[in-house]
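Structure first, then comments.
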């Protein structure tokens, strides 16, 4: 039946399939019409099979080689595979956390470079799966175009970031002024160049395959580049908006694994058979407690709570400010049942700790669905991990599949419930204006302050 649908005909004598007559033609048309129809049928048979494949038809990707260091293999050789994997995951997890703390100490710029590096690696892992599954090694220009589109999209998003947060620096460089002024036009022109290159690279026998991979590339860009851009936007709001969400996802990943490993009995979801309800629930409560404590500790330090700003006078990023109300201790009245238990009327908290409960709840209840999505993706293409970059963990994408959902949520949360006017950003936007425009704004603001009685008029004003 599948073959009949492809050919669009009916079985004739002896089971042969003949193409249907075209509209306005008799079944026994001329020789040229039959020849053309046969060619179209042949092409459809040879290259139309991608549309009709089931999951079982997708070729398996060869398993990745084991990259576990030999010293670990020898040290853990006497353990069962279950406990060996547990120790490898634990040791590598502690190593990655230590490196993460080191990068935090090195400052905001290094964190941005880390996000960029993770983005590029995740893009590479997903695109490589496409290469293997769809056997696209011989597609003309495809690898080049994939990385070209990555470059174009990064140029657009990071250019927007430079325009928003580095206006004072841009004003001193004429070449940068030109790039920023026409940034969106340049970005669009670069993308159009790649689009035209793709159209010119189309080969008749590869049409479907090339369009599959074109869509694959753009979805991958949406997952990786857009989300990493939001992570950096969150970082500019203050390092705490970067650290608490990311560390909450990491905490949930670790604690859910531990609870599931030691207490897991009830399967949670078929997409990921090793996930259990015990791990899911244990991870939720652990993450909420961790997020609440982490928010309390980080809220004490300007380094974490102040927006990340670029200071042109020192030519570096700074995190110095007067902390907002969100990061100042306030007293809250306790509910009656807690008053009896704690024997106190009020408790002092940072308002950000209240917000951390929302962030931690999302990280532990909704964030894992990013992991389930990734599990479904891997099952669809018959792979265990996205790559073998980190022994015991898989690829970089295996570790950051939940982080991308979290980045979007935090950005939406900040813009919806937190963000107010940023004085430094307003000042940067004023500096971009012409002197006459700045003077008009100054006069308008001054007259408004005089009317409100905030500012006393001078003789010149009168």
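Cβ coordinates are placed from backbone N, Cα and C, and glycine is handled just like the others.
From a predicted model like this one, the values you see are computed outputs, not experimental measurements.
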Correct range for transmembrane segment (source TrEMBL, candidates 69-91, 92-114, 115-137, 276-298): 276-298
Annotated range (TrEMBL: transmembrane segment) out of 23-43, 44-64, 212-232, 317-337: 212-232
Contact yes or no, the transmembrane segment (212-232) and the transmembrane segment (352-374), 3+ Cβ pairs under 8 Å, gap 6+: no
Residues from the same chain, set at least six apart from the ends of the transmembrane segment (178-200), whose C-beta lies under 8 A from its own: 141, 145, 148-149, 152-153, 155-156, 159-160, 162-163, 170, 210, 214
Residues of the parent chain within Cβ reach of the transmembrane segment (238-264), under 8 Å, 6 or more residues beyond its termini: 86, 89, 93, 97, 104, 108, 111, 231, 274-284, 286-287, 290-291, 294-295, 298-299, 303-308, 319, 327, 352, 356, 359-360, 363-364, 367-368, 371, 399, 402-403, 406-407, 409-410, 414
